[in-house]
């Protein structure tokens, strides 16, 4: 009747192997596997040698200017990356030590926060969300009273701008996202609809549109003499955008906390606010740390879009440096793009592998 | 109860206050800067050119028509890239699930690398990769009436005639035929390969969500591996994968707004030009937001109906 | 009587108050007291204003600032430069943060009538122009019929372009980019046959190409973009001083007074040169300057022709031809009133 049913029995399969397959069996176990393996080997043989030649053997490692890189047959022009590295990192910022200090501080705080068993995390939290913005602003923008001359944001550029955008976005997105997510669960319809409206409006829009709005509309809605700084406006847009996406992640976390938890907290005499702060939120946020980190990865990649409002982020700095007549040549663009790809890949992979490790630990803890 | 009402009233009052303040400021600022406050500009002559449009458009047309042409460009690129991204994404996703070690590692490498590189970099990369090796129009590559050069790919098309480079008529460009400009091609390629890395993961998660017992049961019933995949695994996996897949398509549509960086005339790029020329910032961005939000709401509503109506949703 | 005294005191107080609040005090006195001129300049445009490797500012607009400093202090180094973006430039001048705006700014009616600014004159005649490959051998913009043209998204460049093609009845493909650099790169890669923006910027951008000599700027322009130094309204003495510094530079070129021969020409018998260099009568006092103010300027920065040649013309990498910026006797538009 149905062609799903067999008329006769199949011969029994061999028993499963005692241990896992050997690599030989994995790659050449049957005809299909062998064909795939051979195909992959041929492809690798065709693609890898030119890539290695381009990236390493034919690459120009040191050169005073672009003449060597322009020679026919030259590979990647790493000398250009080396020569332009300060511009890629600081833009036109005059005193690199101030940038370095600020980022060292951020790095220390982040490592402190990310280490699972580190002590005094409350201080690190305070440092990250309050101390870092204040100190970072004083260091980077300057405070004449402290002997730090003011550096206008028109001189900021490169990785400095990318990282500021990403860090500020993260610092704003977490509290912003929690607030929006809590508002979305509120029993007050007015508050709930306000939060739902904000979240859905921002999530429905492309980041470019949000940046345009922050850049063009924000000054319109503010009194004429308030005109926010050109770095501040996109920062506001990014913070809003990241908060809306973060709110959805946090909402998932809040939904995962059993109702019994807040009921138990109430039974123990916690006020609603105490129960939320001490019982529900820690569990909710803990459950979605991987989601939060993945959000940060997306945010970091999205910082490349601030070029649309005229900021010199890392990628835009590379795009601009490409036009230096001393270096201009056929290999410069590709070299710059490979370097940029490595930069973003490095940061994002570090973040997402942290998220994955944490995911493993959480799964283990739940078991 | 009274406290709740009071709280909400206070909140609404606060929001209304912010809105009124913003409105008053905007009115004063618009007046001070001589910016238009109505939608009348939509019927004024645009005056700028656009290199690709599916509807007839010349600089003599109105700003409204320019916006429409931009929106259609966004829509077409998004639909084409979504379809291609699904194809590539499924291929990568199945490779990732392959029992072959090399193939699955290669697919994993694809996913991990491509989705950790910003989309903008993908687009810039494809744009120079397309432009650099291709010849100038006078040295176009030609195959069966199809011409390829660094200005685009030209197909013969009924009504548009055969593409031809004739220095006597136009010393610079191929004329006639249907044209795919390098900007559009770079958009499609960049969006496809970037989004495919997400779709591959969605497919993998969907397939892995199918209980092992289902596969074992299928094989106990005597289904071959291919039959199991087609008749048992894929239908169940797609049911899980459909919502994230749809939100990927929406993300792709929103991501197509990066077009301005490589000179493709999408909705946001056209809006940027209009905004610069007319100063009608509020109105232009309002139209953009309405279009993007409308599209996502429409898609989500359709999806919800589809879920409710189809057997896929009933689980 | 008491009332009158009260009124006078009130008026005086009000005047002082206004002077203090509005920073509308006499600009020349402020500059003298400060010991330096504060000049608003471009963040970086080759030939007009750009810091060199050692951080010292160079360029056409920079030399105009130095000329004013030389006229006041006899020392062209007594200038502080404030780099300003296109958006900030007018606010900085209006608020008194800078004394002069010397930053390739186009003179338009609305900027003087609506924004409280005064242009002292035109020191550079610019216009939207085209960069194209020399091998194309284009004679005029009309030859770009059917071509692909790369353009940066901007307030007027796209519009001028479309207007021109509409006026002449020919069509061309425009490819619009958010940034000028992106547009230039697309042009260089062969995507476009021409790239268009303001002529002054075009010469600087041409140098960013890997083979600048293969490309030329077409002589024809699409728009009028007259650049000039800008001061605040409400200080006529300062306006006159900057304006006459500009005229002095032009007069010096017209009379052949250069930084090399200015010392020896003090003994010249030519009455026009004697008046310009203050050999007999004092023409500086009316401006609040010394008798030899023009000699100081020319000694420090040279005449207009020298400034042009050093920063933009033959003596610079940009090699911009004088064109409209030549003296009226050579077929250009520069025609300065005499010092007399």
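Using the three backbone atoms N, Cα and C, a Cβ is placed for every residue, glycine included.
Feature annotation from TrEMBL assigns transmembrane segment to A:33-56 (among others).
Here TrEMBL flags A:68-91 (among others) as transmembrane segment.
What TrEMBL lists as transmembrane segment is A:97-114 (among others).
For A:123-143 (among others), the entry in TrEMBL reads transmembrane segment.
As annotated by TrEMBL, transmembrane segment applies to A:155-183 (among others).
Feature annotation from TrEMBL assigns transmembrane segment to A:204-222 (among others).
Residues 164-165, 168-170, 172-174, 176-182, 184-185, 195, 198-199, 202-203, 207, 210-211, 213-215, 218, 228, 280, 283-288, 291-292, 295, 298-299, 302-303, 306, 309, 311 of the same chain, all 6+ positions outside the transmembrane segment (A:234-257), place their C-beta atoms under 8 angstroms from a C-beta of that stretch. The transmembrane segment feature in TrEMBL is assigned to A:234-257 (among others).
According to TrEMBL, the feature transmembrane segment maps to A:278-300 (among others).
Taken from TrEMBL, the feature transmembrane segment covers A:332-357 (among others).
With pairs at least 6 apart in sequence, the transmembrane segment (A:204-222) and the transmembrane segment (A:155-183) have fewer than 3 Cβ pairs within the 8 Å limit; the two do not touch. Highlighted: of the candidate stretches A:33-56, A:123-143, A:204-222, A:332-357, A:332-357 has the greatest count of Cβ pairs under 8 Å to the transmembrane segment (A:68-91). Among residues of the same chain six or more beyond the transmembrane segment (A:332-357), those with a C-beta under 8 A of the stretch's C-beta atoms are 55, 66, 69, 76-78, 80-81, 88, 114, 159, 289-290, 293-294, 296-297, 300-301, 304, 314-315, 318-319, 321-322.
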